[in-house]
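Visitor: One structure, as structure tokens, below. Some questions next.
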Ligand SMILES: Nc1ncnc2c1ncn2[C@@H]1O[C@H](COP(=O)(O)OS(=O)(=O)O)[C@@H](OP(=O)(O)O)[C@H]1O
Ligand SMILES: [Mg+2]
Ligand SMILES: [Mg+2]
Ligand SMILES: [Mg+2]
């Protein structure tokens with residue numbers, strides 16, 4: 001056991017791409033056993049700020065993950081549609097958004113409810129969307145019924161449309177806004193790979209809570225130096241509230257464990273995450289940055305904010321994201337992930353080292369890209385990014 005081939009197959013079987021140039025030194029036995037959960041911390045949830053919100057958010061994201069798992073298992077081509085920008089959307093994206101919106105509003109009735117979410121019901125209100133809407137409504141109701149309590153009423157198609165459209169808020173710097181990506185990494189979801197249900201809470205323009213449900217992410221490390229694990233279990237729930245650290249538990253329930261970003265300070269020992277889809281982030285630019293830093297390991301390419309989750313528990317040290325010209329980042333692609341990483345001790349910034357500003361509505365206007373790492377590596381990462389960007393600009 002433990003050859004590069006078997007380990008690569010193990011990762012690929014879980015939707016994690018590893019650069020083809022990856023080689024393990026001969027004679028090094030690779031064990032997949034993780035050590036992040038060696039000292040589980042029990043959290044006294046009720047003493048935390050935002051404990052009510054966190055309980056509702058965890059419940060909503062966990063149920064939405066259940067709905068998505070059902071659809072991914074039985075994914076039919078007919079469940080995948082194209083939005084006006086040509087990006088894919090499935091019944092699970094809509095179902096997850098309806099479910100999270102419904103649960104949050106119901107569990108937190110005393111608070112004004114504002115949700116900034118990716119999907120809207122436009123296509124489902126058309127004649128051509130009626131069958132899809134029925135399927136989504138069934139999925140939502142089946143998932144609520146599987147909760148085991150009789151406290152949920154059966155939703156009508158109109159109620160599902162309304163729950164989806166609750167997500168039309170614009171966000172901003174005043175008050176509280178939930179921020180939801182009902183399926184982040186829809187392309188990964190459709191491929192059968194990684195995806196995340198990403199739910200954040202903004203208060204006065206700052207992220208104060210984040211939950212990431214990653215149904216296909218192994219509980220064991222996916223880092224390049226992962227060790228053999230006796231467990232093949234997948235399905236992680238990451239969560240964090242401001243000032244209280246970041247935690248992980250199994251999606252199907254387990255003791256929660258506090259997570260921390262890696263303490264590595266030598267870039268040669270670091271590995272980095274990037275988008276699976278080359279269209280979402282320049283792989284060439286990341287490779288030039290990695291080379292300047294002296295990173296030896298090949299990129300670990302996985303879809304969605306599962307990258308933030310994996311980084312928060314030290315699976316890798318760096319996340320590089322450099323969208324191609326003209327693309328504007330959205331807050332739901334980073335809100336939950338960024339607080340999970342920062343509460344785990346990491347730093348999330350734009351390519352110039354500025355913190356991300358979630359207070360400007362649904363767009364995140366960032367200089368050139370987004371970079372994430374620990375405190376020790378950030379200065380050298382910023383330097384390498386600056387050099388690589390300057391080189392790129394002078395070659396144009
Ligand atoms: N052109 C382009 N450039 C940059 N980013 C884009 C682009 N198109 C889409 N997106 C957004 O990327 C989200 C998927 O996240 P990742 O890029 O981390 O996933 S992946 O590894 O590439 O699959 C994806 O999120 P979902 O739409 O929720 O899947 C998009 O918001
Ligand atoms: Mg997304
Ligand atoms: Mg999405
Ligand atoms: Mg999308």
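Easy rule for this one: first residue shown is 1, then count along the chain.
Heads up, the Cβ atoms here are built off N, Cα and C, so glycines get one too.
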Visitor: Of the residues 118, 119, 274, 391, only one is listed by TrEMBL in the Mg(2+) site with 181, 183, 184, 333. Which is it?
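Guide: The one candidate that TrEMBL places in that Mg(2+) site: 118.
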Visitor: Which chain neighbours of the Mg(2+) site, leaving out 118, 181, 183, 184, 333, have a Cβ atom within 8 Å of the mean position of the site's Cβ atoms?
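Guide: Not counting the recorded site residues, we get 180, 182, 185, 186, 196, 198, 304, 305, 330, 332.
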Visitor: For residue 333 (Mg(2+) binding site), list the number of other Cβ atoms lying within 10 Å of its Cβ atom.
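Guide: Result for residue 333 (Mg(2+) binding site): 23 neighbouring Cβ atoms inside 10 Å.
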Visitor: Ranking the binding-site residues 118, 181, 183, 184 by other Cβ atoms within 10 Å, which is at the bottom?
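Guide: Comparing Cβ neighbour counts within 10 Å for the binding-site residues 118, 181, 183, 184 gives 118.
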Visitor: Are any of the binding-site residues 181, 183, 184, 333 near ligand 2, with a Cβ under 6 Å from it, and if so which?
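Guide: What lies within reach of ligand 2, judged by Cβ under 6 Å, is 181, 184, 333.
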